[in-house]
Amino acid sequence: MFSYGALLALFFLALLLEDAGFILLSRGMKATRTDPKGGSRLRAILRHPEVLLGVFLQALYYLLLLGILRDLPVSQVVPMTGLGYVLTALMARFILREKIPLLRWGGITLITAGVVLIARSGG
């Protein structure tokens, strides 16, 4: 069993893996909108390196989450996954160059406040 601090660090690593996976999946799916060789779109998706790496990172996230759920209550862990929205938005903004409206940032701020309250209740 890990200390609470170690579990939180593992949790944040898991979130980074999940969100990096989302970014890679997004880029890979956009790159496979059309197959220049005229082949199957599904085949192009399943062979695209960013899609494959994105799926792999998502799988790692779930494996880490299983270990975390062994030691922390689900009522704490699942709401804390809301921090993924923050990381995803930041990655989308700076890596994918997506425009994120102010109202969406406001919602993300509210989610973050809720996660902080939940994290402080555990330990």
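Cβ from N, Cα, C; glycine included.
Annotation source TrEMBL lists domain 'EamA' at 48-119. As a summary of secondary structure, the domain 'EamA' (48-119) carries 60 helix, 0 strand, 12 coil according to DSSP.
Under the heading transmembrane segment, TrEMBL lists 52-70 (among others). Under 8 Å from some Cβ of the transmembrane segment (52-70) lie the Cβ atoms of residues 7, 10-11, 13-15, 17-18, 20-25, 28, 46, 77, all in the same chain and six or more residues away from its ends.
With a threshold of 8 Å between CB atoms, the same-chain residues lying at least 6 positions outside the transmembrane segment (77-96) that come near it are 11-12, 15-16, 18-20, 22-23, 26-27, 65, 68-69, 104-105, 108, 111-112, 114-115, 118-119. Marked as transmembrane segment by TrEMBL: 77-96 (among others).
Residues or ranges marked as transmembrane segment by TrEMBL: 102-119 (among others). Residues 8, 76, 79-80, 82-83, 85-86, 89 of the same chain sit 6 or more residues outside the transmembrane segment (102-119) yet have a Cβ under 8 Å from a Cβ within it.
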